[in-house]
Amino acid sequence: MKTPFERLALYDINASIKEGSYVAVIGHTGSGKSTLLQHLNGLLKPTKGQISLGSTVIQAGKKNKDLKKLRKKVGIVFQFPEHQLFEETVLKDISFGPMNFGVKKEDAEQKAREMLQLVGLSEELLDRSPFELSGGQMRRVAIAGVLAMDPEVLVLDEPTAGLDPRGRKEIMDMFYELHQRGNLTTILVTHSMEDAAAYADEMIVMHKGTIQASGSPRDLFLKGEEMAGWGLDLPETIKFQRHLEAALGVRFNEPMLTIEDAAAEIRALFQGEKTL
């Protein structure tokens with residue numbers, strides 16, 4: 001039913017993500033990031049166009065028999081993934097996904113043991129209720145449940161929400177290690193410019209339901225004024241770099257995307273490898 005109050009959550013979306021890449025989708029609140037990610041495994045279906053993952057295609061207006069295949073290939077870790085826990089024990093919770101896709105119980109339980117170790121938890125937790133664990137442990141158990149389904153694509157929707165800086169770094173480092181070890185395609189939806197700069201190969205910038213820009217963190221973070229127009233800030237390290245350049249009258253060749261980048265550039269400057 002048409003209405004003058006109709007509003008499109010997404011429009012003119014045309015993007016291609018390389019297999020094995022780590023892509024950050026960034027945008028201000030309400031830009032359409034979370035709506036986009038829910039299309040990636042068929043939680044939402046497109047009203048126009050199509051979504052393709054390898055040979056799996058979901059088309060608008062058609063009965064799509066490949067939804068189950070798509071949902072196995074694309075694992076989503078939502079904000080506060082611990083809210084997804086529901087089983088009596090950690091073992092049952094992690095095993096549920098694989099068994100739902102037809103994996104035998106004993107194989108699913110073996111996969112659960114492997115995934116629990118992969119996320120840095122002890123097998124001693126397998127028989128415990130997930131609701132007896134600490135918040136950080138619950139989050140890792142929920143992540144293990146997603147990984148147990150052997151996804152080809154891992155979508156992370158603000159996965160560090162509610163964590164302190166140390167916990168956030170631990171979780172993000174873990175995802176990056178999993179990305180490299182498992183040759184996963186990883187899509188990070190985030191408000192954190194620091195996380196996008198530190199981990200992503202490519203970035204997609206969303207604003208008001210459409211894609212405004214895409215490219216490497218290096219290239220996009222050089223467009224400070226455009227980023228501000230899309231309601232986005234720069235990483236703190238790049239802000240620091242600009243203040244330093246203004247104060248010392250120098251110009252660094254590369255943007256300082258991380259603290260490590262900043263330390264290396266400053267060290268080179270004061271050791272005389274860069275001239276004022």
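Backbone N, Cα and C define each Cβ position, glycine as well.
Annotated active site, proton acceptor per Swiss-Prot: Glu158, in sequence order. Per Swiss-Prot, ATP binding site is recorded for Gly27, His28, Thr29, Gly30, Ser31, Gly32, Lys33, Ser34, and the stated evidence type is sequence analysis. Per Swiss-Prot, the feature domain 'ABC transporter' maps to 1-233; the stated evidence is sequence analysis.
The binding-site residues in question are Gly27, Gly30, Gly32, and the one with the fewest Cβ neighbours inside 10 Å is Gly30. Each of the binding-site residues Thr29, Ser31, Ser34 was scored by other CB atoms within 10 A of its CB, and the lowest score goes to Thr29. Same-chain residues with CB within 8 A of the center of the Gly27, His28, Thr29, Gly30, Ser31, Gly32, Lys33, Ser34 CB atoms, the ATP site residues themselves not counted, are Met206, His207. His28 (ATP binding site) has a Cβ environment of 16 other Cβ atoms inside 10 Å.
Each of the recorded positions Lys33, Glu158 was scored by the number of other CB atoms within 10 A of its CB, and the lowest score belongs to Glu158. Classification of Gly27 (ATP binding site) by DSSP places it within a strand.
The average pLDDT computed for the domain 'ABC transporter' (1-233) is 89. Mapped onto three states, the DSSP output places Glu158 (active site, proton acceptor) in coil. Rounded to a whole number, the distance between the Cα atoms of Glu158 (active site, proton acceptor) and His28 (ATP binding site) is 13 Å.
Among the binding-site residues Gly27, Thr29, Ser31, Gly32, Ser34, the ones whose Cα sits within 10 Å of the Cα of the residue listed as 'active site, proton acceptor' are Ser34, in sequence order.
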